[in-house]
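To start, the structure under review is shown below, and the notes come after it.
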Amino acid sequence: MSRGPRSVAARRDWGDDDGGTPILHVDMDAFFASVELIRAPDLRGRPVIVGGEHRGVVLAATYEARAFGVHSAMPMTRARALCPQAVVIPPDHARYEEVSRVVMGLLADVTPVLEQVSVDEAFLDVSGARRRLGSPVAIATAIRSRIREVAQIPASVGVASTKFLAKLASQTAKPDGLLLVPEAASVPFLHSLPVGALWGVGERTAAQLREWGIESVEQLAHTPPDVLQRRLGRAGGARLYDLAWNRDPRPVTVARVEKSISSEHTFVTDVTDAAELGRTLLEQAHRCARRLRRGGFLARGVTIKVRMSDFTTLTRSRQLDHPSDVAHDVYAAARALLAAVTIPRDGVRLLGVRVDQLTAAAATPVQLALDDDAAPRREVEVAMDDVRDRFGADALGAASLLATSAFPTAERDLS
């Protein structure tokens, strides 16, 4: 939900060489407002503001509202004065968190080198995903398409050589766009921007810089570092000078060791059919297991989450006999848990699977039994991973998964 300064000159084709640009910044466009439009599609194309009624501030605004000067953090009284025809919707933070978890789960499917920086944005380093998924631009394109398909919201993606530049690229690409800044074009792109685009340059600092005749990043870049340090402080001046030349050594940092992995699906219409619930459960089990294998984890605990049509939510948990990264094991536990749940006549709104009690696969002893067929099942699932990586996440749908001999039918499991 950034309101950073942008430049019309920067919104152009900077080239197609993405060889040195492994960093992606993914940013949901007008996130809160976009989520509200899922529930109220008749409001598309109209100015919509998410925020409190009178004394609060704007949390998000559609681009139609922004055209009137409305922006996030603006007092609601001011926003209403600028755009009296806007539809004001009170925030639903639980819903935003739910959609955010779905989006972050999609990003985690791409790479474990994921740094979530807010509810609606994240950095990814796709260096390790290129062999499986293609070039950074191909990955960014697939991410945008997948978010649109699954979460039903638009996202902008910046592709660049550093985190700082990737974020600027995503801001420039908005709304609903993708911008690659090739490594060779990093400095020209930066120098086309107003000085306020630099991290740490707020309105007050930008005004000071303008007083000194510095209005663009290029002008700041050609100001002697000692002058900047004298005027802005030693650390602040040095940092801005480095950023003006795209010197940003910060890596994409995974905030914490994952304690659990989850996947949820919200149905378009509430579901009562046991077969459809079973297929969905199987898909979620596969997504969790795939992420376990990709991250090098085994899970011991399995939890299902069921949200009814009246928003009543329940969870049920159990432990596996042994730590596993095999979808068959996760699904078997999840389907047993779901079979014990009474599905109301009005149906299920959301169904999810979570695996937890994670341990590193390399450090976990494997328990073998004479009748253990986990190894061949895992080989089949790894082969499925390869197919999905090469041909897309939907290359193997629920019907394909249910048809394999390793999985009993959902109808039989849930009966």
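In case you wondered, yes, glycine gets a Cβ from its N, Cα and C as well.
TrEMBL annotations: computationally assigned, not manually curated.
Positions annotated as active site by TrEMBL: E121. Sequence annotations record features per position, and here TrEMBL assigns Mg(2+) binding site to D27, D120. Summarising the annotation, TrEMBL assigns domain 'UmuC' to 23-202. The annotation site 'Substrate discrimination' is assigned in TrEMBL to F32.
Structure coloured by features recorded in TrEMBL.
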{"residue": "D27", "record": "Mg(2+) binding site", "Cβ within 10 Å": "23"}
{"residue": "F32", "record": "site 'Substrate discrimination'", "Cβ within 10 Å": "28"}
{"residue": "D120", "record": "Mg(2+) binding site", "Cβ within 10 Å": "25"}
{"residue": "E121", "record": "active site", "Cβ within 10 Å": "21"}
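Reported as a whole number, the C-alpha separation between D27 (Mg(2+) binding site) and E121 (active site) equals 4 Å.
Model confidence over the domain 'UmuC' (23-202) stands at 93, taken as the mean pLDDT rounded to a whole number. If you take the Cα of E121 (active site) and the Cα of F32 (site 'Substrate discrimination'), they are about 12 angstrom apart, rounded to a whole number. Reduced to three states, the DSSP call for the residue listed as 'active site' is strand. It is 9 Å from the Cα atom of F32 (site 'Substrate discrimination') to that of D120 (Mg(2+) binding site).
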